[in-house]
Amino acid sequence: MSGFRDFSGGSPAAHVKTLGSSLDEDDWDSDAQPAAAAAAAAAHNPFASQQAQVLQQLQQAQARPPPMPFLVGRPSAPAAPAAHQPAARPPAAAAADWREQQTDDWLLAQSPSATLPPQPAAPIARAHTVAAPPKPHRAVSPLPPAAPPAAVAAAGARMPADDAAAAAAAAAAAQASWRDEKEPDWLDLKRRSATVRAAAAPTPAYAAPRASVGPSPRASAGPAQAPQFRIPANLPASIPAVSLSHKHLPTADADPTFASFAPVSEMGINTTALAARFPFFTASEIAAFHQQFAALDKESQDRVHPSELSTLATKSGESFQAVTAKLTQLNLNDKDGLVSFESFLKAVSKIREEKGVTVGRDDKKIVLHGHNENTTHTINEDEKESFTVHINQQLGGDKDLKARLPIDPRSMQIFAECKDGLILAKLINDAQPGTIDERVLNVAKKLNTFQMTENNNVVVNSAKAIGCSVVNIGAQDIMEGREHLILGLIWQIIKIGLQAFIDIKVHPELFRLLEPGEQLEDFLKLPPEQILLRWFNYHLKKAGHNRKVTNFTTDVKDGENYTILLNQLAPEACSRAPLQTKDLLARAEQILSNADKIGCRKYLTPKTMVEGNQKLNFAFVAHLFNTRPGLEKLTEAEMAQLDEWLFSSEGDREARAFALWLNSLGVEPFVNNLFDDLSDGLILLQAMDKVHPGIVDWKKVNKPAPIASKFKKVENTNYVVVLGKSLKFSLVGIQGSDIVDGNKTLTLGLVWQLMRDHVVQTLKSLSRAGQDITDADIIKWANDTVRAAGKSSTMTTFKDPSLHTGMFFLDLLHAIKKGIVNYELVTSGNTGAAKMNAKYAISIARKLGATIFVLPEDICEVKPKMIMTFVGTIMALAKSGVLSA
């Protein structure tokens, strides 16, 4: 690049200079080239000669700069680095540069009557220019009165009268936006004004009309059109990577749940039009691929180098080599060797056509490929939209997210927004309040890789702690925006939040759903889906309806059962009129309108109801139950019976922690009820084989699950006891039949020893000599580590009463990672504050990457088993070396 720079913004000199050449000023190598370019254009531009004369007159007028006393004392712009300064500039040329930079805006401000010659036709039609809203007025320095330069007056005499008003408006705008006393603000204003030059760049055929155009170093070198507007000062700081064209975006009148989304992408695309042109892609897939393409297109010009298409090609299911070869074969690279998004679609479409890929596919299924083209992942567009609306509604008022929400449900923006972990962390706390101490989260607008990793460590380990299956999900997967993994995690979090209220402690009236002769304990062993179906059928039966619901797919898709259920829950608002409608989609809309009357329209759309989407129907029914259970209150006798059962189930917290630990090992099936799910011995044998690989001889095991024969179950659990004794577990008096029968005390004792052994084996593998680790070794290491960090807290045993304050654990975490604990947030540890300290310590440990299942209550109550696993896990984390990497 040369030393020639355009600081004129919207001045007449800038217009003449732009119209007089077919080259951008950044491409000029010397000061002589602008005039040469103007002369060269005279042969084919009817106005070139006239423009060259005006340019010459302006240069003559600038030979003696007008007085500018208002610039005296103003801080000068910082000098450019030496690497960017032109070498050996002649004094006259340097003075001309300075004069142009200082006087162009002054000329316009002083000459409201200045006019320009007629403009040649521009490559972009005027219909594509969009008038920007007026800028807010700013405090500006006064401009001295001065006579218009003769050159500008001469130019004005030759300009058509209909452009005089436009020139006057431009002069007023220049005066209003003149730089003020703050040099950084002036530079920012000039950068914004400079972006209008890119308005002459060719608009992609598939792009939606743009309201603004950003600067691009590699912008098209075609003839430039004079800017028709100024860039507004209040542009959004960040723009989503992908969006739909305006005519496909939902409006506030259409559906309030889809209204007021984040700013539209500058490179908006019409996915419907593109899907029609490239039938091998669905509109949803095009939106997904465009998000990936936009991430590669750092300069926002719809062009990338073919070497950058590796990840995108793999996502499309084709090899990088095949895509680049097809681009070359079809001659789809431009003169700079770059590839547009449309060219990429053409190349992949041709490859798919040659492979004989079927064109007709479900437009609501987004097919994405994994690390290689042979791995395919599919996400459901309806579910993505519904989950995004849920996030917008539940987190819209969060102080750390209000600038990022709402997210357009019909774009792929949700996956980009989840990369830093903040939305997922907040969603976990919405589903299970208090799971994450938000004081440990990094909440800045821009996070570095390390901070994003910390947030996502908190997300993954907290998701495990609330019962999500995240065996194959890591912090890096979230940071890479793996769509199928992120959407699956979001659904698990939402589902756990919905299920949290399907609890007899929250809704004691669930006692009403017991069938004759059924014990409460047996009823509560049912999974939440079965309890919801029981509730659904309870109301259908009470309404005298002869149908039953056994699933959330085929049994609800015709809407009949939903109509009866809503009428039973709220007869004053929800009639049975939808049953008279034959068209299922129309009936579904009437049903959801009824649900809306009682504040329960969420998750479902008419389309997903009729299609029988299992996840969304479950979410709709769960939300309906949580909002309008419609069950009668219990009598005093029934409450007494319930209280007796709740008192006898106080050991549930320990059982929950053990179940979560087993799930973290990746056992199959997922453990929901510890005692029932362990009764056939298969999960225990899997856990033993993961803690001690190869210890289980699977030829001796009865499988697969479920095992109906009690005799075969006892054989498996007896084998568990034999293996436990070989590992030196204390299993006196325990037999396989105790596990099959669900003996709580004995089963908890066995699982605890296996969990402790897992911690010990992890520490043993990290020790230098591979020696066994005892409880005394763990306590000694913890005390020595805290003392070495200059802290005075200690612990004598895992039962030490002083541990209830949480201070020792915070000191231990500070010792293994300096600065990780903000002691300004730590309290003295009295009764009310001890739980906050415990919660803070647990969240910091998860932030560092520890997988733990201890609860704040376990620390406050000094539960020795859980405290042992907590300290042991921190010790393993410290010795693993990951904190020093």
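Heads up, the Cβ atoms here are built off N, Cα and C, so glycines get one too.
Marked as compositional bias 'Low complexity' by TrEMBL: 50-63 (among others).
Summarising the annotation, TrEMBL assigns compositional bias 'Low complexity' to 75-96 (among others).
As annotated by TrEMBL, compositional bias 'Low complexity' applies to 198-212 (among others).
According to TrEMBL, the domain 'Calponin-homology (CH)' annotation covers 381-498 (among others). Under DSSP, the residues of the domain 'Calponin-homology (CH)' (381-498) split into helix, strand and coil as follows: 71 helix, 0 strand, 47 coil.
Taken from TrEMBL, the feature domain 'Calponin-homology (CH)' applies to 526-629 (among others). Taken residue by residue, the domain 'Calponin-homology (CH)' (526-629) breaks down under DSSP into 63 helix, 0 strand, 41 coil.
Positions annotated as domain 'Calponin-homology (CH)' by TrEMBL: 652-759 (among others).
According to TrEMBL, the domain 'Calponin-homology (CH)' annotation covers 772-879 (among others). DSSP assignment over the domain 'Calponin-homology (CH)' (772-879) gives 70 helix, 0 strand, 38 coil.
The annotation region 'Disordered' is assigned in TrEMBL to 1-149 (among others).
Taken from TrEMBL, the feature region 'Disordered' applies to 198-225 (among others).
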Given the domain 'Calponin-homology (CH)' (772-879), which of the listed stretches 381-498, 526-629, 652-759 has the most Cβ pairs that are under 8 Å apart from it?
381-498
Within the predicted model, mean pLDDT of the domain 'Calponin-homology (CH)' (526-629):
94
Report the DSSP secondary-structure composition of the domain 'Calponin-homology (CH)' (652-759) as helix, strand and coil residue counts.
68 helix, 0 strand, 40 coil
